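Chemist: Here's the feature list from Swiss-Prot:
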type	residues	note
BINDING	G57, W59, D77, D93, D118	S-adenosyl-L-methionine binding site
ACT_SITE	K158	active site, proton acceptor
COILED	347-389	coiled coil
MOD_RES	S362	phosphoserine
REGION	423-451	region 'Disordered'
REGION	487-513	region 'Disordered'
REGION	569-591	region 'Disordered'
COMPBIAS	579-591	compositional bias 'Basic and acidic residues'
REGION	718-802	region 'Disordered'
COMPBIAS	780-792	compositional bias 'Basic and acidic residues'
Amino acid sequence: MGKSQKKTAKGRLDKWYKLAKEQGYRSRAAFKLVQLNQKYSFLEKAKVIIDLCAAPGGWLQVASKTCKPGSLIVGVDLAPIKPIPNCHTFVEDITSDKCRSQLRGYLKTWKADVVLHDGAPNVGSAWLQDAYGQAQLVLMSMKLACEFLVAGGTFVTKVFRSRDYNNLLWVFKQLFNKVEATKPPSSRNVSAEIFVVCRGYKAPKKLDPRFTDPRTVFEEVQEPVTNVDAKVFHPEKRKRSREGYADDDYTLHKTVLASEFVTANDPIQILGTSAEIVFPKDDEECQRLYNLDVTTEEILLCCSDLQVLGKKEFRDILRWRLKIRDEMGIGKKVEDEQKTVVEEIPEMDEEERLDQELQDLSEAERVKLKRERRKANQRKQREIVRMQMGMLAPMDIGLEHEAMGEDSLFGLATAEKHGLKELENGTLPVTESVDEEVSTDNEVEYDSDDERDRLEADLDSMYSDYTKRKAESDVKYRVKKARGDLDDEEWNGIDNGTESDDSQIAETNFATPDKDRLTTSLLDKGSTKDGLSRKARMFFDQDIFDGIEDADADVEIMSMNRAAIKKREAELASQNNDDGSKGDQSEDSNDHIEVVPVASAHDEDDDWNSDSDNDENNVEIVTAEAMTLAQDIASRRKSKADLIDEGYNRWSFQSKEGLPDWFLDEETTVNKPNKPITKEAVLALREKMKALNARPIKKVLEAQGRKKMRTIKRLQRVAKKAEGISESGDMTESEKAKEISRLVSRATKSKPKAKPTLVVAKGPNKGLKSRPKGVKGKYKMVDSRMKKDLRAQKRLAKKGRR
């Protein structure tokens with residue numbers, strides 16, 4: 001009787017099968033996970049693991065042995081799984097919602113670090129269907145993993161190599177940072193399985209449902225339609241098909257009748273797909289084409305093999321076809337005679353004709369008024385923009401001469417003629433428009449001052465928002481803007497307040513009200529009474545500046561009074577030297593002069609002098625120009641008069657009132673005096689910066705201060721002890737002196753630094769990476785090589801001294 005032999009299909013009973021039996025694993029697939037973990041190391045750091053399609057539980061056994069104690073491991077499958085230590089299992093379909101709810105019950109608020117999937121459908125004889133089913137199962141497992149994976153998590157799955165493999169890889173790469181495909185050694189070579197390890201889950205806030213839709217992921221891409229024109233007009237670029245025969249077409253040599261080619265509407269399609277144009281003898285139409293004069297031997301030779309023809313031959317065949325169609329009258333359109341229909345218009349009576357003319361005139365007038373209104377609105381819009389941009393007088397292109405016409409702002413005669421209401425209503429343009437072409441689409445009306453003010457405020461707010469955003473992002477611009485705000489105040493001359501009251505009265509008597517004047521100052525209109533801009537006025541309106549404003553006003557009044565007193569004293573001194581007649585005149589002229597009582601200015605002078613001294617002491621030289629000027633003054637190359645003369649230049653009295661901020665920001669970079677600098681000033685400033693940079697840092701200064709304080713406290717304690725010793729009566733004077741000197745020497749003597757212990761690297765200490773046994777404190781590993789090097793260095797140093 002023969003011995004029964006156990007079947008080993010596909011070599012299933014290999015060494016991995018035997019090793020699984022020896023080590024207690026439930027399946028040989030456990031070694032696949034072991035080898036994957038050895039390569040990528042994703043199980044050691046995982047605290048929560050989900051195993052999909054986990055039966056019979058080989059991967060759960062590996063996870064239980066490899067993960068940290070206390071890790072949460074959950075397995076799910078359609079088949080029941082026998083209990084495994086430290087693992088939770090349940091029976092459910094991974095594509096169902098019930099499976100998701102049970103997983104949430106196990107995980108609570110946790111997220112999984114690793115999701116494993118080693119599932120496959122029941123494989124039969126239909127390989128294509130089984131491969132698609134496995135790819136669909138992988139897609140469902142990935143959908144479940146994306147729901148429970150933590151950011152940066154790992155997903156390991158098994159995939160069959162098929163036509164859908166590349167589509168799955170593309171989806172994985174969209175959701176994970178690193179995607180690698182590998183085949184562990186324990187996987188059979190005859191198997192089509194391959195394992196994909198996806199690491200670094202991106203955790204998008206919202207997952208596109210098309211990534212988990214099998215119909216979208218595995219949709220077949222339609223192949224591009226063959227370009228037949230390229231085969232005819234570019235035969236040298238023709239590519240041979242390497243994908244076999246077309247569907248339902250198993251012939252390579254295609255023929256077409258000459259009559260069909262001539263009468264066809266798409267001859268290029270026929271030339272690109274056919275191999276020969278034939279003239280059969282049993283076809284009368286083809287024989288008639290064959291006997292024509294245009295059908296030459298060359299044409300017949302070209303029609304015999306279309307696959308080897310070039311561009312010139314194809315064009316000859318197409319010309320031959322056109323000639324035949326012209327001779328046979330094929331394709332000519334029958335032109336019907338156009339019949340002109342004459343429509344009789346009934347005659348109109350007198351009333352209807354008048355009504356029609358009135359309607360036409362009113363329509364023409366309406367169109368004319370609409371065109372004029374559109375031009376006026378467009379002109380107003382352009383003028384408002386020019387006023388905002390400061391372009392009232394374009395001097396660079398000579399338009400100021402055109403603007404001096406009868407409709408200009410400075411045409412006073414025209415303004416008087418038409419009245420002030422024309423100016424108030426805005427019908428009189430500020431400057432003559434250069435371009436009268438207007439857009440028919442945009443009609444903007446600004447009939448009130450409120451609209452113009454609103455537009456101006458919007459433009460100012462837009463530019464201020466831009467500067468704020470730039471200041472937030474650029475620190476240098478913020479510092480530059482802060483410095484520029486300090487320099488915005490311009491000097492308007494000395495105002496001592498000593499003008500005659502008579503002149504003021506005369507000015508008030510002869511001055512006309514602003515509402516009756518034709519020419520007004522546009523700059524004074526936009527400025528405030530104190531000369532501050534709108535943004536500065538809003539800043540200084542805060543409550544914190546209430547007291548400061550009054551103090552500044554008091555100081556200004558005091559300075560004006562002091563200047564008036566000095567001038568009054570000078571006038572009185574000059575009057576005493578004049579004769580009597582002049583004295584009488586002076587008495588008459590002084591009748592209306594208000595005499596200001598003299599206050600004690602001693603305290604005020606002291607205050608001003610103290611402030612000036614503080615200002616002079618706080619001046620710092622931080623630029624090369626300032627250093628050059630300081631050196632010139634110190635070396636007496638420049639005097640005070642020279643500096644005053646240099647102060648009179650074209651930048652001294654520039655008016656910034658009424659100019660937009662964007663223009664001022666651009667002008668400050670170029671419109672400034674270029675002061676010379678010297679090499680010595682640059683070097684001196686550089687040395688100053690080096691000295692500043694050479695200062696110790698804050699931590700070093702603090703450490704030095706702490707050390708100094710400790711020394712002071714220690715000396716204070718020694719002084720107290722010495723005082724106690726000196727006051728004691730039990731010791732002699734010599735003993736007191738010795739004890740005090742001993743205390744002082746002990747307090748001032750610094751502790752010597754402990755030298756590191758030398759440990760020779762030999763014996764048990766050879767190649768030691770940690771602290772040697774029995775060694776405390778600092779230590780240093782030495783060997784014979786270092787000893788020889790030290791001796792050599794000493795020898796060379798001694799030789800160099802000689």
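Each residue, glycine too, has its Cβ placed from N, Cα and C.
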Chemist: So if I draw a 10 Å sphere around the Cβ of D118 (S-adenosyl-L-methionine binding site), how many other Cβ atoms end up inside it?
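Modeler: A count of 22.
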Chemist: List which of the recorded positions W59, D118, S362 have their Cα within 10 Å of the Cα of K158 (active site, proton acceptor), in sequence order.
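Modeler: So the list is D118.
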Chemist: Would you count the other CB atoms within 10 A of the CB of D77 (S-adenosyl-L-methionine binding site), including those on all shown protein chains?
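Modeler: D77 (S-adenosyl-L-methionine binding site) is surrounded by 21 other Cβ atoms within 10 Å.
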Chemist: Whole-number Å distance between the CA of D93 (S-adenosyl-L-methionine binding site) and the CA of S362 (phosphoserine)?
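Modeler: Between the Cα atoms of D93 (S-adenosyl-L-methionine binding site) and S362 (phosphoserine), the distance comes to 82 Å.
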Chemist: Within 10 Å of the Cβ of G57 (S-adenosyl-L-methionine binding site), how many other Cβ atoms can you find? Include all protein chains, please.
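Modeler: The answer is 24.
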Chemist: Taking G57, W59, D77, D93, D118 as the record's S-adenosyl-L-methionine-binding set, what's the max Cα pairwise distance in Å, rounded to a whole number?
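Modeler: Across G57, W59, D77, D93, D118, the two farthest Cα atoms sit 18 Å apart.
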Chemist: Counting every protein chain present, what is the number of Cβ atoms, excluding its own, within 10 Å of the Cβ of the residue listed as 'phosphoserine'?
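Modeler: Excluding its own Cβ, the number within 10 Å is 10.
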Chemist: In the compositional bias 'Basic and acidic residues' (780-792), how many residues does DSSP assign to helix, to strand and to coil?
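Modeler: Per-class counts: 9 helix, 3 strand, 1 coil.
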Chemist: Reported as an integer number of Å, what is the Cα distance between D77 (S-adenosyl-L-methionine binding site) and S362 (phosphoserine)?
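Modeler: Approximately 88 Å lies between the Cα of D77 (S-adenosyl-L-methionine binding site) and that of S362 (phosphoserine).
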Chemist: Taking the Cβ of D93 (S-adenosyl-L-methionine binding site) as the centre, how many other Cβ atoms fall within a 10 Å radius?
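Modeler: I get 12 for this one.
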Chemist: Identify, in sequence order, the residues in the chain of W59 (S-adenosyl-L-methionine binding site) that are 6 or more apart from it along the sequence and have a CB within less than 8 Å of its CB; answer 'none' if there are none.
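Modeler: The list for W59 (S-adenosyl-L-methionine binding site) reads A29, A30, L33, D51, G75, L116, D118, given in order along the sequence.
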Chemist: Across all chains shown, how many C-beta atoms besides its own are within 10 angstroms of the C-beta of K158 (active site, proton acceptor)?
Modeler: 22
Chemist: What average pLDDT is reported by the model for the coiled coil (347-389)?
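Modeler: Averaging the confidence scores along the coiled coil (347-389) gives 84.
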